[in-house]
Ligand code: SI3
């Protein structure tokens, strides 16, 4: 389960329905062109929180059918409706997903006991492993070292997708839990996280920049930091342009420029203006 995992984006048609052909093409592009080690399915980048449970199941099904066993698959099943989270966890497990992940429950400002109960409830109902999805900037849920330690007491919790710029906490978790899997969640900070000896990374920009991410990660593991920094610099030039233009929409337009039917984002995410589509096409030529 080590290495570079793409947080898979999903292709939707103009009406917001899952575009199966486009989704399959995105999967193939990630495996055949970006050559990533695995896919993280129905995360933030997959617009998970904008989809119905049936749409999420459809995505899990199509992706597994396309991938078979070519790369590792992690299913993000987190949902505010805990019954839905359990149902999705069972669904993805039955399809053969290698591991589950669930975002920390958000919106109602749950206390830590409630967060812990959420993970343990999902895991009591499914025979699979769990990677905690921690993304405080979007959920408002921050956890400290002791709280991660409590979650890790459940042996089925095998790691964390750590999407925060807190390298002090990241180092403390790494040091305290050498046997848990830690995935870096911010692509622009991949090198810094790799130096701290994370086990891999999960990110949206790997859909279009996975090859560079793999190089950064491999070079860091070999302590070839100067070379890795050069590639992180180009990567961050690209990420800065993507973020300024509109994150997921721009990734989709770059993919379209490469011949992949990446479709549109679901509402309320907006469409790019013509100028921004042009910017994305220029990024495809310059970087991809
Ligand atoms: O769940 C997911 O789809 C992710 O893995 C999200 C991932 O952490 C991305 N974060 C968000 C909010 O999309 C990053 O890859 C992020 O897009 C990238 O580092 C640019 O800031």
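Using N, Cα and C of the backbone, Cβ positions are placed for all residues, glycine too.
Residues or ranges marked as aceneuramate binding site in TrEMBL: 44, 45, 163, 185, 187, 188, 204. Look at residue 185 (aceneuramate binding site): DSSP puts it in coil. Other Cβ atoms within 10 Å of the Cβ of residue 185 (aceneuramate binding site) number 26 in total over all chains.
The feature active site, proton donor is assigned by TrEMBL to 133. Long-range Cβ neighbours of residue 133 (active site, proton donor) (same chain, at least 6 residues apart, Cβ-Cβ under 8 Å): 43, 76, 78, 101, 102, 103, 104, 160, 161, 163.
Sequence annotations record features per position, and here TrEMBL assigns active site, schiff-base intermediate with substrate to 161. Summarising the environment of residue 161 (active site, schiff-base intermediate with substrate), the number of other Cβ atoms within 10 Å of its Cβ, over all protein chains shown, is 26.
For the binding-site residues shown (187, 188), fewest C-beta neighbours within 10 angstroms: 188.
Residues 44, 45, 163, 185, 187, 188, 204 make up the record's aceneuramate site, and a Cβ search at 8 Å around their centroid adds 7, 186, 202, 203, 205 from the same chain.
Over all protein chains present, the Cβ of residue 44 (aceneuramate binding site) has 21 other Cβ atoms lying within 10 Å.
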